[in-house]
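S.K.: One structure follows; several queries about it will come next.
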């Protein structure tokens, strides 16, 4: 609590003090280090000054009535390190004139100031009502009602208002200033949707008098508007079964968290997705239209009905070209109109490898057939660019192309492999494409090189549309082959080597006649042997029995149990004695005379036959 004390002075001391003060008195309202004003017609008196050099020794403030009590001087103790003090209302009289000065260690600090309590006062803060009317027409406008501070009704105050975004630091003051006799509402125009704002005000008595303090800010938020720029990312018109499309839209206020409701439809079928975060939603298969609206919207009117119907290819733009713009960080895109004029064109682009939601796009009127894509593009990085014609009944997109802000030298070469020879003995090779992020430009041509031991390297350029090569007229031996790719910036490094080996086929052809002759002789010998087998089989069989032991020519030879050492005895079947036959009638016939045959000459035996011929007894022919 401030310490107030009334100082009693003698008439002579008071006169000297008043004279010294009057000589150094500054008129009221003039700027100076000491500022004093009252707050409201019945408020306190507030004095402030610039910070002093000696903060440890507190100053002392004095004020003296100039109108009602000229002989009374009040002393106010100021706490240390404080550059302001408040004088309660009971220490001065309303509509009085005060003389105020200060000292520190008995020395005067500033020239004394004269304060007229009738005029030199700050009004209290105006009252701002929480009801805010927002108009959603061409632009967002907010209207705020307010009431003036407590003040004599016969006097008019001048009030000023300001507003700002909740997260901003700089205020925007509204013009013109308002007076309390009309109470015109406060209007704020060109507000952003879905944004938090604050508004406050202050008042003053007249121009030249001090302004009152700013009122506590009133916070309000503008409604979320339906997104106007809705587009589709991906292959919405893909028919090969790899359809992957994503509905995307631009966030009107990136710093404000809001969820959306998305509608998809096809004929009489409607699909709703609620609580969808900003700013993407997968597109179900076979949908024909899409609508996006903020989740907190009380009424739904289709704001942007994006058609997803795919039109005929001839309606799409054609001859899409991409080039780098000289002296600009963007990429220039050109195209030609299809068979009919669209409502607008949409050019979208994305960096190679980015997901579907990382898509940028721009809309162009139907008369534009070229554009310079905005943004910062990196050199050597491929960007997929698509130009789409938008019609009332659907979309027609041109095939995507790849563009570069600046083409660089490739970082790698293509891999090469061997195909079946065509014709036999003539190698055929093929190579693949270099990945786009390593190609770093548009391929102008390929170069394949062949190197053999002892010979110089031979290289040949082929078109960038060619990925196979036939290698005729190669001499016999081993080779190494590799392929490089070039852009407008230069030739890249070689790819992996492919080893080739061509054997000498002439040796094989020289040996073929001898090989065929050998086979002919072999076949001839086999034929003759088969023909003579039947003739020699009987004789060979006889001599085999006579000359070879039995255990050799037996079907299953068994030398241990063989009887080859025993005399050869052939078992023959003996004739059976005749049996009595049936009694038959006998007819006598006349016998013919028997003619004796000439005697055969007796066999001549040399004695050698006994070694291997069986005797008649052995044969069982004699009894």
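Positions of Cβ are set from backbone N, Cα and C atoms, glycine also.
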S.K.: Under Swiss-Prot, which of the candidate ranges 206-210, 211-215, 216-220, 221-225 is annotated motif 'WSXWS motif'?
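M.R.: Of the candidate stretches, Swiss-Prot labels 211-215 as motif 'WSXWS motif'.
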S.K.: In Swiss-Prot, one of 552-560, 561-569, 570-578 is tagged motif 'Box 1 motif'. Which stretch would that be?
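M.R.: It is 552-560 that Swiss-Prot annotates as motif 'Box 1 motif'.
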S.K.: Count the other Cβ atoms sitting within 10 Å of the Cβ of residue 360 (N-linked glycosylation site), across every protein chain shown.
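M.R.: Residue 360 (N-linked glycosylation site): 18 neighbouring Cβ atoms within 10 Å.
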S.K.: Which has the fewest other CB atoms in a 10 Å radius around its CB: 46, 461, the listed glycosylation sites?
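M.R.: The glycosylation sites 46, 461 were compared, and 461 has the fewest Cβ atoms within 10 Å.
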S.K.: Translate the DSSP assignment of residue 461 (N-linked glycosylation site) into the three-state scheme.
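M.R.: DSSP call for residue 461 (N-linked glycosylation site): strand.
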S.K.: Within the domain 'Fibronectin type-III 2' (125-225), what mean pLDDT does the predicted structure show?
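M.R.: Here the predicted model's pLDDT, averaged over the domain 'Fibronectin type-III 2' (125-225), is 88.
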S.K.: What is the three-state DSSP composition of the domain 'Fibronectin type-III 2' (125-225), stated as helix, strand and coil residue counts?
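M.R.: Going through the domain 'Fibronectin type-III 2' (125-225) residue by residue, I get 0 helix, 50 strand, 51 coil.
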S.K.: How big is the gap, in Å, between the Cα of residue 461 (N-linked glycosylation site) and that of residue 368 (N-linked glycosylation site), rounded to a whole number?
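M.R.: Approximately 39 Å lies between the Cα of residue 461 (N-linked glycosylation site) and that of residue 368 (N-linked glycosylation site).
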S.K.: Rounded to an integer, what is the Cα-Cα distance in Å between residue 46 (N-linked glycosylation site) and residue 360 (N-linked glycosylation site)?
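M.R.: Between the alpha carbons of residue 46 (N-linked glycosylation site) and residue 360 (N-linked glycosylation site) there are 58 Å.
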S.K.: Whole-number Å only: compute the distance from the Cα of residue 368 (N-linked glycosylation site) to the Cα of residue 360 (N-linked glycosylation site).
M.R.: 18
S.K.: Take the C-alpha atoms of residue 360 (N-linked glycosylation site) and residue 305 (N-linked glycosylation site) and report the distance between them in angstrom, rounded.
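M.R.: The Cα atom of residue 360 (N-linked glycosylation site) is 20 Å away from the Cα atom of residue 305 (N-linked glycosylation site).
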